[in-house]
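Undergrad: A single structure is presented below for examination.
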Amino acid sequence: MVTIRADEISKIIRERIEQYNTEVKIVNTGTVLQVGDGIARIYGLDEVMAGELVEFEEGTIGIALNLESKNVGVVLMGDGLMIQEGSSVKATGRIAQIPVSEAYLGRVINALAKPIDGRGEISASESRLIESPAPGIISRRSVYEPLQTGLIAIDSMIPIGRGQRELIIGDRQTGKTAVATDTILNQQGQNVICVYVAIGQKASSVAQVVNTLQERGAMEYTIVVAETADSPATLQYLAPYTGAALAEYFMYRERHTLIIYDDLSKQAQAYRQMSLLLRRPPGREAYPGDVFYLHSRLLERAAKLSSQLGEGSMTALPIVETQSGDVSAYIPTNVISITDGQIFLSADLFNAGIRPAINVGISVSRVGSAAQIKAMKQVAGKLKLELAQFAELEAFAQFSSDLDKATQNQLARGQRLRELLKQSQSAPLTVEEQIITIYTGTNGYLDSLEIGQVRKFLVELRAYLNTNKPQFKEIISSTKTFTGEAEVLLKEAIQEQMELFLLQEQVEKN
C-alpha cells in the first residue's frame, strides 16, 4: 500500500506556486464579416491604429485603413483566398516597416522588401517605417550639386540637382523609362545609390530594365523594387513608399541617392481601386479626396540634407503617363505642382525621330540652375533661346517660300542644334563630352556640314579630343569652368578634326 506523505505533497505544491507566473496578455482581436476584392471588413479590433498591420488566422497580413463606428476596413497584402467569413483577426501593434541594409544593393525585391530574384534571403539588422515624415525646413539646405543624367538636352537646358524632384511626363511609348534608366547608367562611378521602383509594369518590361542594368554593371549600385501588373492593388500602392524607405536609409548615412518611380499614375489607380472598394467617396476622375496627399507625402521625402545631418541627398524622378498629351488631367497637374520642374516628352517629336523626345519649350527645372556647373552655364546659356527662336521660325517658314539669307542661316543652325541633342538609348555622355558637343553647335562649326553628317562628326570629334587632347577634360573636371585655355584646345581640335572629316568624306565619295 502506497503511503502519502503530507510534507512531500506540500513541497510539490509550494514549488508549483513559486513557479507560477501571472502574466496577463491582452490581444486585440476581431472577426471577419466579409472578404473579397482584396478588402476585408472586420468587426471588433476596437483599439486598432490607422495604418496598423493586422494578421488573419491563416497568415495573411493586412493594413487597417478605414476605422468606422461599426467595423474596420482592411486592405490585404495578398490574394486572401484562404480567409473565411467568421475567422478571427488579431492586431499586431505594428505599423508597416521593412528591413534595410547595404545587402539590398544589386537585388530585385517586392513591396514588402522580400527578394524576388531567386538569389536567396537578404540579411538586415535594421528596419525603417515604410511611411516616415519628410525632413523639415531646418533639416534641409538648398540644392547646389548637379546630378548628371548623361542626356545633353536635360543637363544643358533642364539641369537637375541632388535633392531635387523632377517629373518625367509624357504619353505611353515616348521613352520615359529610357530617360530614367539612362540616368541610372550615368551614375556609374559617381557614388550615387539608385532605387528603381516599378509599379504596375509588365513583368517583361521590368526584366528588360534589370537586364540592361546588369549588362552595363549598374546593378552594383541599384535596388529594384517591383510590383508588376498582376500584384494586388495594396502592394502596388505600397511599392513607392518601400523604395523611399530604402533610399532614406542611405540618405541619412551621408550618401547620395536617386529614386525613380515608374510610374505614379499606376499607383494612383491602385489607390483609387482600394478607396472605391472601401466605399470612400469618389472625387474628380473617381479618385479619392486625398490622392494629392498620396503623392505629396511621398515626394516631400526627397531632400538635400543640411550639413548637420551629413549632407546626404535623395533625388526623385517620378514618372507620370498622360493620355494623348493632356497635361491638365488630375494626376499630372497634382504631381507638376508638387515637383521642382518637369521634363515633357512629346509623342510627335518621338515619331519624328527626335530622341530623347524632350519638348524643351515647356520643360522646366525650377531649382536645378543653381546646381549646374559653371562650364555648362557658359556654353549652354544661349542654347535654349536659339532653339526656341528656331521652333518659332520653323513654324513661320512653312507659310513663306522666299526667306532672306539671315533667316535661312538661322533655320540651318537650328536644325543642326536639334540634331546634336539626339542621342542613342543607353549611351549617356559625360559633362566634358556634352560641352564639346554644345560648343561646336552654338558657335557655327556644324553649319558647313550636311544634317546627316552632324552626328558622325560629333562622335569622331569627341573621340579625337579624348585621345589627342586629354588635358581638355582635365581642365573642365578640375576647375568646373570653361577656361580660355580649354577653349583654345577645343577650337584647335575642331579645326583639325574638320579637315580630317572632310578629307574622309571626299575619299568616300570618290
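Glycine residues also receive a Cβ, built from the backbone N, Cα and C atoms like all the rest.
The ATP binding site annotation in Swiss-Prot covers GLY170, ASP171, ARG172, GLN173, THR174, GLY175, LYS176, THR177, and the record cites sequence analysis as its basis. Under the heading site 'Required for activity', Swiss-Prot lists SER363, citing sequence analysis as support.
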Undergrad: Using DSSP, would you call GLY175 (ATP binding site) helix, strand or coil?
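TA: Its secondary structure by DSSP: coil.
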Undergrad: What Cα-Cα separation, expressed in whole Å, is found between GLY170 (ATP binding site) and SER363 (site 'Required for activity')?
TA: 11
Undergrad: Among the binding-site residues ARG172, LYS176, which residue has its Cβ surrounded by the fewest other Cβ atoms within 10 Å?
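TA: Candidates: the binding-site residues ARG172, LYS176. Fewest Cβ atoms within 10 Å: ARG172.
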Undergrad: Restricting to the chain of SER363 (site 'Required for activity') and a gap of 6 or more, list residues whose Cβ falls under 8 Å of its Cβ, or answer none.
TA: MET157, ILE158, GLY341, GLN342, ILE343, PHE344
Undergrad: Quick one: which residues besides GLY170, ASP171, ARG172, GLN173, THR174, GLY175, LYS176, THR177 have a Cβ within 8 Å of the ATP site's Cβ centroid, in sequence order?
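TA: Same chain, not in GLY170, ASP171, ARG172, GLN173, THR174, GLY175, LYS176, THR177, Cβ within 8 Å: GLU321, LEU345, ALA347, PHE350, ALA357.
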Undergrad: Count the Cβ atoms, other than its own, that fall within 10 Å of the Cβ of THR174 (ATP binding site), considering every protein chain shown.
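TA: I count 27 other Cβ atoms within 10 Å of it.
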Undergrad: Around GLY175 (ATP binding site), which residues of its chain at least 6 apart sit with Cβ under 8 Å of its Cβ?
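TA: When sequence neighbours closer than 6 are ignored, GLY175 (ATP binding site) has LEU345, PHE350, ARG355, PRO356, ALA357, GLN425 within Cβ distance under 8 Å.
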Undergrad: When you tally the Cβ atoms that lie within 10 Å of each candidate's Cβ, which of the binding-site residues (GLN173, THR177) has the highest tally?
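TA: Top count of Cβ atoms within 10 Å goes to THR177.
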Undergrad: Measuring CB to CB from ASP171 (ATP binding site), give everything in the same chain under 8 Å that is also at least six residues away in sequence.
TA: GLU321, THR322, GLN323, SER324, GLY325, LEU345, ALA347
